Every structure is written in structure tokens, then in C-alpha cells.
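Undergrad: Pasting the relevant annotations from Swiss-Prot:
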type	residues	note
BINDING	PRO35, LEU36, THR37, ALA68, GLN110, ARG239, GLY309, GLY330, ARG331	FMN binding site
BINDING	SER143, HIS187, GLY188, ALA189, HIS190, ARG279	substrate binding site
ACT_SITE	TYR192	active site, proton donor
Amino acid sequence: MENKVVEEKQVDKIPLMSPCKMGKFELCHRVVLAPLTRQRSYGYIPQPHAILHYSQRSTNGGLLIGEATVISETGIGYKDVPGIWTKEQVEAWKPIVDAVHAKGGIFFCQIWHVGRVSNKDFQPNGEDPISCTDRGLTPQIRSNGIDIAHFTRPRRLTTDEIPQIVNEFRVAARNAIEAGFDGVEIHGAHGYLIDQFMKDQVNDRSDKYGGSLENRCRFALEIVEAVANEIGSDRVGIRISPFAHYNEAGDTNPTALGLYMVESLNKYDLAYCHVVEPRMKTAWEKIECTESLVPMRKAYKGTFIVAGGYDREDGNRALIEDRADLVAYGRLFISNPDLPKRFELNAPLNKYNRDTFYTSDPIVGYTDYPFLETMT
């Protein structure tokens with residue numbers, strides 16, 4: 001009898017380990033790999049060491065969102081990030097995607113344009129970066145706490161140029177499907193190009209892409225529509241961060257912005273909407289705040305993913321309280337390739353080393369974090 005009780009206890013699943021239907025995808029658990037820039041794609045081409053990195057973090061029926069992947073030459077703002085605008089890049093992604101699928105994982109490619117978060121050294125022919133504005137960013141201390149990132153004042157896109165950028169997102173989505181990805185996540189967060197258009201503290205336009213909330217969100221929604229029409233809405237997700245101030249992109253009414261976006265997204269029947277918690281105002285700073293994603297969660301009619309400083313207890317609570325369908329983990333997944341298993345067993349976690357997040361080493365801090373079985 002004692003053995004039977006033990007066996008029953010073993011099959012009791014925590015909320016994070018319960019199955020979830022995400023549109024046409026059947027997920028076996030709710031622990032999602034968040035998109036994580038690692039700067040190990042030399043020359044903007046995905047590398048063979050990424051095969052092991054993503055394979056290590058793949059589980060049967062688990063959702064992985066790939067690192068931010070640049071859609072065009074003008075979208076670059078960091079060294080050694082992957083792209084998906086050339087045939088060579090598409091081919092380089094294929095074995096990485098295959099490795100995830102071999103483990104039964106579901107893999108989305110996050111498609112990205114940095115906008116003004118760049119300088120002319122990254123841009124084709126040394127041109128100025130592009131944005132919704134011509135106001136530049138102030139220099140920033142990089143994540144290593146030493147180097148200073150300098151940004152070239154951007155060139156304001158003309159109204160007639162914007163459809164070309166929308167088209168670049170569409171083509172990138174098509175390329176991602178050609179590479180074998182199950183879908184794409186449109187990067188509309190963290191002060192990059194789409195977020196620059198959405199946020200009223202950045203967007204100072206007077207055309208149909210600026211001013212009102214509807215106008216500021218027009219660019220994002222045109223991209224959603226173009227990408228959904230190209231690859232099918234059930235293969236499209238979007239990430240937004242209405243409350244964040246990353247890269248000097250804040251909004252005076254983030255609650256209204258977030259609600260407008262999710263209500264507008266409802267008509268597209270996307271795979272999911274992925275939202276960064278209000279408590280994550282900047283990349284590394286988790287703060288106490290009274291703002292909540294609950295109104296957005298209630299307004300959105302599809303699968304709702306939350307991210308931002310979650311741990312096991314916090315993630316389970318979000319699911320129990322119906323504040324989310326899925327929970328995305330970043331830093332904990334970097335240092336714990338078997339994070340879902342550790343959560344399931346309530347096992348101790350490896351500590352992450354922030355110093356190796358953005359180095360170019362193909363092993364250290366990338367594929368060398370130990371699994372549970374190698375620690376016993």
C-alpha cells in the first residue's frame with residue numbers, strides 16, 4: 001500500500017508540467033525556452049555549436065523560442081547574432097532545427113529588427129540606422145559593466161519606406177519555415193524597431209504611423225498581418241513589452257498600449273501572444289510594481305505566455321491563478337539545460353554566470369552547464 005501511495009505521488013504533476021494546447025500544437029508541459037541572444041553566430045551565420053545548445057534544451061512537446069534573428073542587413077545592432085535573410089543562413093539553421101525536432105521539440109524563430117539600437121559600423125555601407133524617429137539613444141554601458149555601446153543617430157523612415165520593412169519581416173518568416181521552424185515569433189519588445197513605433201516616448205511621427213495609439217501600433221499590426229498571410233496565423237506569435245523601458249523606449253500609458261495590442265491581435269488567431277512582466281523595467285532589474293498583465297490576459301483570446309524573472313514557485317502560481325497559459329524562462333534555462341526536469345523533481349538549480357552570456361566561446365557558458373544525471 002505504501003508503494004502505491006508513493007507511485008501516485010510521483011505522477012502528480014505540478015502545473016508547469018501539465019500539457020497545454022497552443023493552437024495546433026500539443027505541448028507536453030508549460031516551461032518555455034525564452035528567446036536569448038548569445039552572440040555566438042559568427043558573421044551572422046548560425047553555427048554548428050548551436051545544434052548542441054538547442055538540443056540540450058529540447059524536450060518532447062516543449063516549446064523553444066529561438067534567439068533574436070535578424071531579418072535584413074539594416075536590422076543588425078550587435079555582433080555575431082544570427083540572421084535569416086540569406087540562403088546561407090537558412091541552410092545553417094536547418095541542422096539546428098532538425099536537432100530540436102529529433103527530441104520532439106517545437107521550435108519558433110524570433111524575427112527581429114533593432115531599429116535605432118545600432119550604429120553605422122553595423123549598417124550596410126556605413127549608413128545611419130533606421131527608426132520611426134531621428135532621435136538617438138544615449139551611450140549605454142554594456143552588460144559586462146565595462147564597455148560602452150555607442151549609437152549612431154538614426155534616420156527617420158519615410159512613410160513610403162515602411163512597407164519595405166514590413167516585407168522584410170514577411171520574407172524572414174517564409175525563410176524560417178523553409179529552414180524547418182514550426183513558426184515565428186515577431187519581436188515587438190524591448191525598445192527595438194517595432195517597439196520604437198509603438199511607444200509614445202520614442203515615436204514622434206505626424207503621419208499615419210504616429211500620434212494616436214492606433215497609428216503607433218499600425219506598423220506592428222501590418223507586420224503581423226503580412227507574416228500571418230505568408231505562413232499561416234497558426235504559425236505566428238508575437239512578443240511585446242508595453243511596460244518596459246528597455247533602450248529608452250517607454251510609454252506614458254502602457255496599460256492602454258498593452259490592451260489595444262492584444263485586442264487588435266485577437267482577430268488574427270495567432271499561435272500565441274508573449275508578454276514581458278511589468279516588473280522587468282530593464283534587462284536585469286526586477287522591481288516591485290502594482291501594474292499587472294491580468295487585464296491583457298483577460299482581453300486576449302488565445303494562448304498567453306508570460307516572461308520576466310519567473311522561478312518554479314512563481315511560474316506554478318501564475319498558472320494556478322490563470323494569469324498565463326505558458327511561462328517563458330531565460331537565465332534559468334541558460335544554466336539548466338534540463339530545466340523542465342528539474343522543476344518536475346524540484347531539484348536544485350545550477351547558478352548562471354552572467355559573464356558568459358554574451359561571449360563568443362562556443363562551449364563555456366553555452367553548452368557546458370551540467371545536467372542532473374552528471375551531478376550525481
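The backbone N, Cα and C atoms fix where each Cβ goes, and this holds for glycine too.
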Undergrad: Please report the number of other Cβ atoms within 10 Å of the Cβ of TYR192 (active site, proton donor).
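TA: Neighbour count, Cβ to Cβ under the 10 Å cut-off: 24.
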Undergrad: Might you list, by sequence position, any residue in that chain lying six or more from GLN110 (FMN binding site) with a Cβ less than 8 Å away from its Cβ?
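TA: Sequence-distant Cβ neighbours: PRO35, ILE65, GLY66, GLU67, ALA68, THR69, VAL184, GLU185, ILE186, HIS187, ARG239.
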Undergrad: In terms of DSSP three-state secondary structure, what is the assignment for THR37 (FMN binding site)?
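TA: Assignment for THR37 (FMN binding site) reads coil.
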Undergrad: In Å, rounded, how far does the Cα of the residue listed as 'active site, proton donor' sit from the Cα of THR37 (FMN binding site)?
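TA: Checking the Cα atoms of the residue listed as 'active site, proton donor' and THR37 (FMN binding site) gives a distance of 13 Å.
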Undergrad: Between PRO35, GLY188, GLY309, which of the binding-site residues has its C-beta surrounded by the fewest other C-beta atoms within 10 Å?
TA: GLY309
Undergrad: In angstrom units, rounded to an integer, how far apart are the Cα atoms of THR37 (FMN binding site) and ALA189 (substrate binding site)?
TA: 14
